[in-house]
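Relevant sequence annotations retrieved from TrEMBL are reproduced here:
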type	residues	note
DISULFID	58-70	disulfide bond
DISULFID	65-83	disulfide bond
DISULFID	77-92	disulfide bond
DOMAIN	96-414	domain 'MACPF'
């Protein structure tokens with residue numbers, strides 16, 4: 001870690017001062033794991049007065065909620081909580097005709113959770129930016145193809161389709177080593193393969209005061225990290241082979257509106273409390289709360305994964321009295337569903353080694369109440385910043401900068417290269433080497449058998465981090481990077497040493 005920066009001046013509105021630090025190199029080869037916060041804050045007494053942030057006045061055709069938000073006057077007294085604090089309904093003696101008439105339709109849970117936050121490095125954001133309980137006076141509805149009941153769709157969701165698809169794919173081949181398996185698991189986890197093998201499943205910045213974390217999301221993020229760590233432990237264990245089984249249940253597809261999205265009061269407050277001056281730690285905290293991106297469209301449901309760790313020596317024997325002796329361990333991951341049904345499914349699998357039908361059915365039934373994002377089209381979170389908010393443009397630019405800094409901060413470029421063609425991977429503040437099948441060890445330095453000694457090996461370096469961008473000249477700017485071949489002979493890196501961009 002770098003030393004802490006100097007404390008910033010005291011912010012007159014938050015009455016806080018800030019400082020930050022950076023990761024200079026991540027732990028590797030049993031070094032320390034770098035998973036500490038990069039931002040810090042403390043209370044202070046400002047020497048200047050906070051400029052009151054006055055929200056835009058509502059027009060003559062709008063009603064001002066107690067929160068200060070403006071809604072159309074036609075939304076008053078319609079039975080919907082359009083303000084979010086019921087201030088549009090509290091003044092009403094009688095409710096006008098409700099948008100759905102005599103039909104009392106429940107909000108679709110798949111619509112309520114649409115617009116999931118996405119962290120491009122892999123962690124699960126702690127909050128959703130969208131107020132998906134706002135309907136804008138409409139009664140858009142969709143029919144659940146399983147229950148045949150109609151549910152109401154929120155304003156933010158342009159389209160929502162129920163389409164239950166169960167997909168189970170059993171691995172056609174066994175994995176002879178954990179590195180090959182890990183590489184495949186991690187590749188499927190990433191939102192963007194262009195970032196290299198850089199992953200951050202665990203949030204490290206403290207939660208903001210207003211954010212409301214989803215405990216299940218945090219547990220699932222921890223579950224992913226623990227499973228990856230379990231698999232890496234087998235990288236130095238001999239006589240093991242692996243079989244992967246994964247299943248997926250898709251419930252719906254959705255697409256968000258492209259304009260006039262309704263954001264939560266919490267999100268707007270958190271944006272309002274962001275410093276106008278760029279403070280890295282505060283903006284990183286915001287990104288871990290809401291995501292570097294959000295899902296403008298996607299598929300939701302649930303998925304599970306089983307990795308069987310098989311004793312190869314037992315498997316090769318002609319006879320074995322105990323079939324369970326073949327399986328040393330089952331590494332299980334369950335995503336989606338209620339906490340109770342997901343935990344029950346996981347426990348049954350780990351206890352018996354097989355997928356329990358009863359537990360699976362209960363888990364699949366619960367997905368309608370607790371879906372997760374299976375696939376998405378991401379959109380940058382900074383695009384949601386209301387530009388009519390005080391300092392909206394400055395904060396949008398700061399968030400755009402923070403997203404780039406966040407990706408650069410947690411980059412595999414801060415790792416040392418692996419030997420013998422190993423793939424350098426950064427997972428939650430620790431650099432790992434995913435070795436080719438014929439090598440093992442922390443740096444892939446050990447040949448598994450002398451029979452492979454004559455195999456031709458291509459040594460691969462690891463790119464160092466990009467230099468800062470040059471000054472803008474002729475509407476262009478550039479940056480460079482070098483290939484890190486530390487400890488390797490005849491190694492090189494694939495890719496370009498220079499990058500250019502418009503400015």
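We number each residue from 1, going along the chain as drawn.
Cβ atoms are placed via backbone N, Cα and C, with glycine included.
Tell me about the setting of these features in this model.
Cβ-based neighbour count (10 Å, all protein chains) for residue 70 (disulfide bond) stands at 17.
Counting only residues at least six positions away in the same chain, the Cβ atoms of 65, 66, 67, 69, 71, 89 sit under 8 Å from the Cβ of residue 83 (disulfide bond).
Residues near residue 77 (disulfide bond) in space but far in sequence (CB under 8 A, at least 6 apart, same chain), listed by position: 88, 89, 91, 92, 94, 95, 96.
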Please identify, from the disulfide-bonded residues 58, 65, 92, the residue with the sparsest Cβ neighbourhood, meaning fewest other Cβ atoms within 10 angstroms.
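Fewest other Cβ atoms within 10 Å, among the disulfide-bonded residues 58, 65, 92, is found for 92.
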Find the average pLDDT over the domain 'MACPF' (96-414) in the predicted model and report it.
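Mean per-residue confidence for the domain 'MACPF' (96-414): 83 out of 100.
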